[in-house]
């Protein structure tokens, strides 16, 4: 007889092969058809809210793996918070204005350069196109949210709210217009924010320049003829704008003779200056303060400058003397403000010298082209002491990839310095994950100067300012609010469409030939940074519970949002901030769109969204996250383990109706009650990991449970009961009761990470509604839990000992499989009544307990004959001469003859 036909093998429609790229789209359609997102919001309407505010990605090109990492992390947070009993509305957003899009449009349509409205229309089309592409990519990841109603920074409603926030800042006197140095992109011809700067290695010319002391000053100070200040600079092109020299009040200075020349330099730096190794000290000055007020002659132009002290002068490099050009450096500017120096910047928006520079040879040249000419002029005058190549970190424009310059032009600023201390206090009130994020953003804010918010571009929200012919600016909160009301109806194109007179009339200003509308637009960091005001505030969700972005956003969105929120309402816009690293290759190099990063859609098509999500969950997201085929090969093994665990559970529940056939706790077998403790432990720690955003710990806990507790331990032990006991025996239903509870717990705990796989398994179990509407499982109360745990601690120790002894017997060829063995257990911890339990747990055919104070296990060959149905050895099987079922064991004979479980057949 073929006894294999009589055992109850697992059956399930849940396939072993996942085919994720092919199967996953079906579930997206199901979620759409069943309106799972809106149903979930309704189901949790009486629950506390948890608001994760989406940082808007830029609507420019396909989403890359870094974007995928970010969105998956957010969705894991939201799904887990939903299952923890929160209502979690998710409003995705897109950032649309700014240089990258305008730069792209201008390169494709150069003929539109003089037509602002046409440029803006093309920019809108471009942004809308990529929003739809990215939206589908993100939805394909299994992310639930308000995809049909996202927030988009170029929408009129959003722009209007942004302008109303701007009006508040103007009203609070945080906004001013000033002439001061700003980061200037020559490639894009606009001012840039600090967050739009990328530092790269750049080779420049470093020079030591002589600034001769004037004749009158020599006499006043008692200095010898031919004395010069020797200054070091890596930007020779700024020399035409030199108006002062700076020395340190904390350094001592010396007058040194080198050959026929005499130089004033910092004493501690003298020996490091080229050619100074044999210099002679003529005079000493205890402090830079002894030099303050001295005048010098400009090395290239017929004018004088004055020496001032400044704390920023370093004693680490150079000569201890810094040349000051207030129009081309922030520290220079600030020193100039103290001493009433002109903010002088003879450079146009293309980075070329104007006639104002006073040096005919360099007029019309770019500042970098002028370097060599200026050096040649200095050399010709005998005022170039040394020149050499110098490699340093230099700021570049993030979009044009060209080196930026500091240039002074009239711009609009937010007075960060005025409320910086409050912003720093708010940083301390926020929960930063990981904690090092606090110091990172603190450092960024502490060093932050006033924020240049005006841009000389068309594609952005216009600054609704008017200018008189005299240059006086009119920026009035009431006018801004009126304009915002109009923008809500018509959009910001209105500003570019109407003439100045029409705008004046529309906004309640008396039309005048003297008033001209401004053409500057707001920095795009104002766009995204005002999202707490534009999106959260109207929904009553401000402050958000969580902002979650890459670590670069300490300089970007986290900071702009913080500063605008503190400026408008005195508080941070978020309670917690979580940051993740960059996606990198195996060499640790960052992947990004512009450098040809792997396309997100391509990876979804290769691996499936669930495997990408498992990758995100498995990594320590706070660090840079490696991405490679090797990593995904290992992850595939983990995924197969999880999927196979779900399949085993489903397969062994094919004939189980939990509503009708579940057993109460007091009728469960002891091992089943113990395994419920294991499941309880998993539930408790996994929920805690989710709450604390420790997703790699979730991954490790769940994969370990599937591999060790479930597959290697529990399922291995249960197979005999599940396959060979009678279908409706209580022993089998006890196992199935706990397997069902295990399935429900495991599939729910996996759901935030593997939404597609768990949905498929959930529906395969007979459920008709989405798993994503469920809550996480609660821990079950288990009778005499501590006593049970202590007892099973001993059982598992014995199991380890038994396995070691069985392995020895196997190596000695005494046995093959465990079922060929009989164990003699010497112990005083267990009684004869535990024999059946320990036999089952140790996976042997027979076991005998002998009372002994010394714990020991002996292995013998099992007695009797192997049952052809269950493969256990039995004396009964040896003597069983049943005409229909000869040589089967007592248990199998009862099953085959349809006898009740309680019927006694003696072995």
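For all residues, glycine too, the Cβ spot is worked out from N, Cα and C.
Counting only same-chain residues six or more apart in sequence, the Cβ atoms lying under 8 angstroms from the Cβ of residue 549 (L-isoleucyl-5'-AMP binding site) belong to 55, 70, 556, 557, 558, 579, 580. Among the features that Swiss-Prot reports, L-isoleucyl-5'-AMP binding site is placed at 549.
Positions annotated as ATP binding site by Swiss-Prot: 593.
Neighbour count (other Cβ atoms within 10 Å of the Cβ, all protein chains): 26 for residue 867 (Zn(2+) binding site). According to DSSP, residue 867 (Zn(2+) binding site) sits in a coil region rather than a helix or strand. Feature annotation from Swiss-Prot assigns Zn(2+) binding site to 867, 870, 889, 892.
According to Swiss-Prot, the feature motif ''HIGH' region' maps to 57-67. With a threshold of 8 Å between CB atoms, the same-chain residues lying at least 6 positions outside the motif ''HIGH' region' (57-67) that come near it are 94-96, 98, 100-101, 104, 126-128, 130-131, 133-134, 137-138, 152, 550, 582-583, 591-593, 597-601, 603, 627.
Residues or ranges marked as motif ''KMSKS' region' by Swiss-Prot: 590-594.
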DSSP three-state assignment (helix, strand or coil) for residue 889 (Zn(2+) binding site): coil
Which same-chain residues, if any, lie at least 6 apart from residue 870 (Zn(2+) binding site) yet have Cβ under 8 Å of it: 7, 720, 723, 724, 889, 891, 892
For the motif ''HIGH' region' (57-67), the number of residues DSSP places in helix, strand and coil: 3 helix, 2 strand, 6 coil
Other CB atoms, at most 10 A from the CB of residue 889 (Zn(2+) binding site): 29
Cβ neighbour count within 10 Å of residue 892 (Zn(2+) binding site): 28
